[in-house]
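> Got a structure here, written out as structure tokens. Questions coming.
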Amino acid sequence: MEREDARSTEGLLPNHDGAELMDELIQQVDAVGGFQKLFNGLFNFCAVAVGVTSVYTLVLAMEVPDHWCYVPGRASTNFNPSEWKNLTLPRGRGSEENNAYSKCEMYNLTGPMIWARNTSGVNVTSCQYGWEYDRRWFSRTVPSQENWVCDKSLYVTNTFVATQIGEAVGTISFGHMSDTIGRRPVFLLALTLLIVGRGLSVVAAPHYYLYLVTVFIGHSSLSSLCFAATTTGIELSSAESRARVVMLQSLGWTGGMCLVPLVAWLTGDWVSFVLLPLFPAVAILICAQSLFPESPRWLASGGKILRCMRSLRYIARINKQLLPASAEDTLRNFAEQSKGVVYGPASFMSSVRLATNTVLLVICWMLNAASYIILLLNVNNMSGNPYYNFFWQSAVEFPAGFAAKWLSDRLGRRSTHTVTFLVVGVSCFGVTRIVNKPSLHDLSTAVVIFIKFCITITNFVCYLQAMEIFPTCLRQTGMSFANLAGNVASVLAPYVVYLVRKSF
């Protein structure tokens, strides 16, 4: 396996011997003991799965069901729904298919004119009495509840844009906070904001701008929650266990994504399936008060020796190990070499190698993030069962996670990243040649799922490389900076999906 982290941080870490001393101390309290298994299982798998489910139920909550103008009067006739639509709605107007009923227009008719069944030469007008919705899959979504269709269809897209802006602001803010005030308080704050933001959104929907604020708050914390858990898990583990920690969080993420359609299917109502995942989130927040310690490595690098000793004793007690008598001297040596300095973003330019790797990671993160969000949001543009569509696009991440770990361990991080990106590029070019050919619909769908498979691999490797390349004093800030760039690139993704929807 390639060890890119040591080379890439050369010139920034104070002394490699100090880092090795800290690794040895972590090993002495057991780097793969019961505490690490409990911590990673609870916070890098369960917390991530619950957080992802809580956040991404928004995708299905913002589903726009098939809809058409509501025209009153059918109750006083013997027309069935199909006949009434045929009498009151024009076909093949605007971007609708040639034989489809208009979603946003109706014939400007009075009762007697309808009963005459004569619509020739009749003017059309926008929906005057609201809309009716196909409730086959969802009893209620936000757009169907608030009528965010037709002239207000951009409300849905703007909501997704608010999520990306919130994530961008949250990751850079919480990322720097994590390197200055610690991993633990950032995890607790991020999870609290997620619960509050998603909870308030169910009562804020009638007030559009207030709803955007709640969506912004709820989505500002997911990445920071994941980063804080993974960073702490890696800093408590041996170098050989890092890929396992990242893979566990990747599986938690994928598990959470697969739970989204299941929770939505069980309830069918957006209020219920948004609130349901918040109950386990509250339980995890309560558990974190006692089971989420501050990272000893972060405490030692900041010169907080006494707190670091308490954290190490806590871990050693759970692992049934004894803290060596020389532990405090080791920590003081490590702190002296680390100089207790909190580095700022300018430190990424402190060496040519670190600056180069930072730029490359940022570019890769931007490509990954934009591609992932476009594929995710495009689920609502797909025909058929929305639960199945969401599930299969999510489930493909499971084998991709295992493949990513195997490839990154066997071929190395750099080779896996490069080859997979090339495959994605070729596949994207290929799918553009067949996507508009109805006879090749199944093939184009398979290629899209394959692209999602490859994007998941590049996401995994990019995440792992960032964990290894950035030094302890800049790890969370560096990952947050890269994620910020990805969020900036993703801000335009909802508009790409919106244009695709309007073009069909």
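Placement of Cβ uses the backbone N, Cα and C atoms for every residue, glycine included.
Annotation comment: TrEMBL describes 42-61, 186-205, 211-234, 246-264, 270-292, 359-378, 419-435, 447-466, 478-500 as transmembrane segment. Residues or ranges marked as domain 'Major facilitator superfamily (MFS) profile' in TrEMBL: 104-504.
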> Do any residues, 6 or more residues outside the transmembrane segment (447-466), come within under 8 Å Cβ-to-Cβ of it, and if so which ones?
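Residues 4, 230, 242-243, 246-247, 250, 254, 361, 364-365, 367-368, 371-372, 375, 392-393, 396-397, 399-401, 403-405, 407-408, 413, 416-417, 420-421, 423-424, 427-428, 430-431, 434, 475, 478-479, 482 contact the transmembrane segment (447-466) from elsewhere in the chain.
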> Using a Cβ distance cut-off of under 8 Å, indicate which of 42-61, 270-292, 359-378, 478-500 has the most pairs with the transmembrane segment (211-234).
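Answer is 42-61, with the largest number of Cβ pairs below 8 Å.
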> Let me check one thing: do the transmembrane segment (359-378) and the transmembrane segment (478-500) come into contact, meaning three or more Cβ pairs under 8 Å with sequence separation of at least 6?
yes
> May I ask whether the transmembrane segment (478-500) has at least three C-beta pairs under 8 Å with the transmembrane segment (246-264), counting pairs 6 or more apart in sequence?
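Answer no, regions not in contact.
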> Can you check how the pLDDT averages out over the domain 'Major facilitator superfamily (MFS) profile' (104-504)?
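A mean pLDDT of 81 is what the predicted model shows over the domain 'Major facilitator superfamily (MFS) profile' (104-504).
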> Take the transmembrane segment (42-61) and find every residue of the same chain, 6 or more past its ends, with a Cβ under 8 Å from one of its Cβ atoms.
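Residues 138, 141-142, 159, 163, 187, 191, 194-195, 198, 201, 215, 218-219, 222, 225-226, 229-230, 232-233, 245, 248-249, 251-253, 255-257, 259-261, 263-264, 270, 273-274, 277-278, 280-281, 284, 287-288, 291-292, 376-377, 379-380, 386-387, 390 contact the transmembrane segment (42-61) from elsewhere in the chain.
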> Any residues 6+ beyond the ends of the transmembrane segment (186-205) with a Cβ under 8 Å from its own?
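Hits for the transmembrane segment (186-205): 43, 47, 51, 54-55, 58, 142, 145-146, 170, 174, 177-178, 211, 213-222, 224-225, 228-229, 232, 270-271, 274-275, 278, 281-282, 284-285, 288-289, 292, 476.
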